[in-house]
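Per Swiss-Prot, these features apply:
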{"type": "TOPO_DOM", "residues": "1-8", "note": "topological domain 'Cytoplasmic'"}
{"type": "TRANSMEM", "residues": "9-30", "note": "transmembrane segment"}
{"type": "TOPO_DOM", "residues": "31-118", "note": "topological domain 'Lumenal'"}
{"type": "SITE", "residues": "ASP47", "note": "site 'Interacts with target acceptor peptide in protein substrate'"}
{"type": "BINDING", "residues": "ASP47, ASP166, GLU168", "note": "Mn(2+) binding site"}
{"type": "CARBOHYD", "residues": "ASN60", "note": "N-linked glycosylation site"}
{"type": "TRANSMEM", "residues": "119-137", "note": "transmembrane segment"}
{"type": "TRANSMEM", "residues": "140-157", "note": "transmembrane segment"}
{"type": "TOPO_DOM", "residues": "158-168", "note": "topological domain 'Lumenal'"}
{"type": "TRANSMEM", "residues": "169-188", "note": "transmembrane segment"}
{"type": "TRANSMEM", "residues": "191-205", "note": "transmembrane segment"}
{"type": "TOPO_DOM", "residues": "206-210", "note": "topological domain 'Lumenal'"}
{"type": "TRANSMEM", "residues": "211-227", "note": "transmembrane segment"}
{"type": "TOPO_DOM", "residues": "228-232", "note": "topological domain 'Cytoplasmic'"}
{"type": "TRANSMEM", "residues": "233-258", "note": "transmembrane segment"}
{"type": "TOPO_DOM", "residues": "259-266", "note": "topological domain 'Lumenal'"}
{"type": "TRANSMEM", "residues": "267-286", "note": "transmembrane segment"}
{"type": "TOPO_DOM", "residues": "287-300", "note": "topological domain 'Cytoplasmic'"}
{"type": "TOPO_DOM", "residues": "323-355", "note": "topological domain 'Lumenal'"}
{"type": "MOTIF", "residues": "347-350", "note": "motif 'SVSE motif'"}
{"type": "SITE", "residues": "GLU350", "note": "site 'Interacts with target acceptor peptide in protein substrate'"}
{"type": "TRANSMEM", "residues": "356-378", "note": "transmembrane segment"}
{"type": "TOPO_DOM", "residues": "379-384", "note": "topological domain 'Cytoplasmic'"}
{"type": "TRANSMEM", "residues": "385-401", "note": "transmembrane segment"}
{"type": "TOPO_DOM", "residues": "402-405", "note": "topological domain 'Lumenal'"}
{"type": "TRANSMEM", "residues": "406-427", "note": "transmembrane segment"}
{"type": "TOPO_DOM", "residues": "428-441", "note": "topological domain 'Cytoplasmic'"}
{"type": "TRANSMEM", "residues": "442-464", "note": "transmembrane segment"}
{"type": "TOPO_DOM", "residues": "465-718", "note": "topological domain 'Lumenal'"}
{"type": "CARBOHYD", "residues": "ASN535", "note": "N-linked glycosylation site"}
{"type": "CARBOHYD", "residues": "ASN539", "note": "N-linked glycosylation site"}
{"type": "MOTIF", "residues": "583-590", "note": "motif 'DK motif'"}
{"type": "SITE", "residues": "LYS586", "note": "site 'Interacts with target acceptor peptide in protein substrate'"}
{"type": "REGION", "residues": "694-718", "note": "region 'Disordered'"}
Amino acid sequence: MGSDRSCVLSVFQTILKLVIFVAIFGAAISSRLFAVIKFESIIHEFDPWFNYRATKYLVNNSFYKFLNWFDDRTWYPLGRVTGGTLYPGLMTTSAFIWHALRNWLGLPIDIRNVCVLFAPLFSGVTAWATYEFTKEIKDASAGLLAAGFIAIVPGYISRSVAGSYDNEAIAITLLMVTFMFWIKAQKTGSIMHATCAALFYFYMVSAWGGYVFITNLIPLHVFLLILMGRYSSKLYSAYTTWYAIGTVASMQIPFVGFLPIRSNDHMAALGVFGLIQIVAFGDFVKGQISTAKFKVIMMVSLFLILVLGVVGLSALTYMGLIAPWTGRFYSLWDTNYAKIHIPIIASVSEHQPVSWPAFFFDTHFLIWLFPAGVFLLFLDLKDEHVFVIAYSVLCSYFAGVMVRLMLTLTPVICVSAAVALSKIFDIYLDFKTSDRKYAIKPAALLAKLIVSGSFIFYLYLFVFHSTWVTRTAYSSPSVVLPSQTPDGKLALIDDFREAYYWLRMNSDEDSKVAAWWDYGYQIGGMADRTTLVDNNTWNNTHIAIVGKAMASPEEKSYEILKEHDVDYVLVIFGGLIGFGGDDINKFLWMIRISEGIWPEEIKERDFYTAEGEYRVDARASETMRNSLLYKMSYKDFPQLFNGGQATDRVRQQMITPLDVPPLDYFDEVFTSENWMVRIYQLKKDDAQGRTLRDVGELTRSSTKTRRSIKRPELGLRV
């Protein structure tokens, strides 16, 4: 009878877990569809447009052609060896899904919809992987909580909403699956689990440059266990299998190549691999000789190996056989390094330090359950707990110095918070007791009800907060911006697509477009036109050329752009409707990057006022007002307002017609409805041999043209 009841209870628990997990999977997907419901099925932001373009190339061509793809429509005139400079995991996975749906199941689905819905689908897989990982750390109840947290937590949703077709859409899934198999392998010594961890590590390497995090975290875990005296044959078989298979497999990715054995980023893994061989040998020798001799041999051996390792690594790095640390790595330890030495890295908003409120905004009450969970793991310090603690400490620091690394911190916050909350529920939701003194005291029951009820209420607030943040903050595609009319109605600002469509329909197919690198992928993806620079940022000098053109006087800019066969110049201007992400706000980064290459020609100080202010009104410096970007941004802007005095709603400064010098070398050919995107065409040389400035002055003196300008009806800022 008892066994039957136990069997029925076990079946019921299994069914209940399945139902809960189906609900979690549904919540993970549905919460990421706000962008499609509010806007449409569209690729978001910047990098996803390149990934989408590359995926289309893959499905229209063979995988061989994809790996050997040379793109002559980017980085003109240099081009880009695209197939050998990208992580193909995202594109190949999408192409496989598209092929399976279209050719195996006969569904006439477009590749764009596969790309748009890719991230929500894999978020469900992430929830499963987090469940399995947390179950290895504590138990199934903690695993379900962790899965529920990761399914809707804003810190992960920010990079996995529908349309966010970026590498992180699949990378966090692979991160958690790799860690799950690693913990299983470390606990059991299973070569199969270690092999699975290595294969998913290879998959991770193919999908995201952040694979280096795994490359260093797993060796750190092994190193800490060795220092704690917890070496075992299980640990040896798990790590050596993972490292050997994972390293060889990762070297098959063209973009990675020999980096695992020739880069400082990977040397920790190699060093721990060598160390664990020595420890294994020492463990064998320990049984053959006396303890005193063993200690002497081990101390001498470790000292010699440490010295030889440091000297060898330094020598190989000096000789160029091992690549030094990258600029992004240095910027993690010195937050001013990139700003001083590599401004192109510092100019990326994702590389800025995170503000403290962002931790609560992205994780809600999980952020204060997080340290409690880590503390509980310290109390019961198992080998797998050491991994979570190391993960927590490292990512807590890294997320504090770089915004984008909040994404890697979020999973361990969910895991640790689930451990803490599960422990609380284990105690306060257990209403069965054999102790009579608790049974006769209603205060104990009341305490349990209050504590458990409070945390259930916090869970409700967490769901409410996560839904609100997802809907309002993380579901905008950035190429279409939501705003409001003066009467409060929703208005969609579609200037980006309007401008790119104009370029696509009104310019020659081989036209070259100069714009700041932020918009290169979008121009290539939506306008299908050749660009000088894009978001790949592999050539700092080429980016500096565009920055120099924007910062130079008009005549000099014209010559620079003409040398590079540019036909059109595209600038983003937000002064009319209050869009703060425009080129004027990014202008100082353009100046700093170009100053790093041409310090004698471009000086940041020249763009400030005598008082050291960055201004765009009548008090702006002459260098600022004569720069090409200033002229293109503010051309005809004051004439929009009665009396000729316009207010830049981003900088909150007054602009008059006298503040804006005329343009003589460029023709305005397009300005979007809300003046966010402005496109100019380089003028042809004068047929009579006159300079374009002389022609412009003659035209202004002989005629006075009036332009009919319509102001948009948007009354609120973006």
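Each residue's number is its place along the chain shown, starting with 1.
Using the three backbone atoms N, Cα and C, a Cβ is placed for every residue, glycine included.
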For ASN60 (N-linked glycosylation site), the close recorded positions (Cα within 10 Å) drawn from ASP166, GLU168, GLU350, ASN535, ASN539 turn out to be none
Here the recorded positions are ASP47, ASP166, GLU168, GLU350, LYS586, and the Cα closest to that of ASN535 (N-linked glycosylation site) is found at ASP47
Just to verify a number: CA distance, ASP47 (site 'Interacts with target acceptor peptide in protein substrate') to ASN539 (N-linked glycosylation site), in angstrom, no decimals.
17
If you compare CA-to-CA distances from GLU168 (Mn(2+) binding site) to each of the recorded positions GLU350, ASN539, LYS586, which comes out shortest?
GLU350
Run the contact check on the transmembrane segment (191-205) against the transmembrane segment (233-258): 3 or more C-beta pairs under 8 Å, excluding pairs closer than 6 in sequence.
yes
Is the transmembrane segment (119-137) close to the transmembrane segment (211-227), in the sense of at least 3 CB pairs under 8 angstroms with a sequence gap of 6 or more?
no
For the C-alpha pair, I'd like the distance in angstrom between LYS586 (site 'Interacts with target acceptor peptide in protein substrate') and GLU350 (site 'Interacts with target acceptor peptide in protein substrate'), rounded off.
14
Cα of ASN539 (N-linked glycosylation site) to Cα of ASP166 (Mn(2+) binding site), in Å and rounded, measures 22
Spatial separation of ASP166 (Mn(2+) binding site) from GLU350 (site 'Interacts with target acceptor peptide in protein substrate') - C-alpha basis, Å
14
Densest Cβ environment (other Cβ within 10 Å) across the glycosylation sites ASN60, ASN535, ASN539 belongs to ASN535
CB contacts under 8 angstroms to ASP166 (Mn(2+) binding site), restricted to the same chain and 6+ apart in sequence, sorted by sequence, are GLU45, ASP47, PRO48, ASN51, LEU90, ALA119, ARG159
Would you mind listing the long-range same-chain contacts of the transmembrane segment (233-258), meaning Cβ under 8 Å and 6+ residues beyond its ends?
67, 83-88, 182, 185-191, 193-195, 197-199, 201-202, 205-206, 211, 218-219, 222, 225, 269, 272-273, 276-277, 279-280, 383
Same chain, outside the transmembrane segment (385-401) by at least 6, Cβ under 8 Å from its Cβ: which residues?
137, 179, 182-183, 186, 217, 220-221, 224-225, 228, 331-332, 335, 353-354, 359, 370, 374, 377-378, 408-409, 412, 415-416
Secondary structure of the motif 'DK motif' (583-590) by DSSP, residue by residue, totals 8 helix, 0 strand, 0 coil
DSSP says ASP166 (Mn(2+) binding site), in three-state terms, is coil
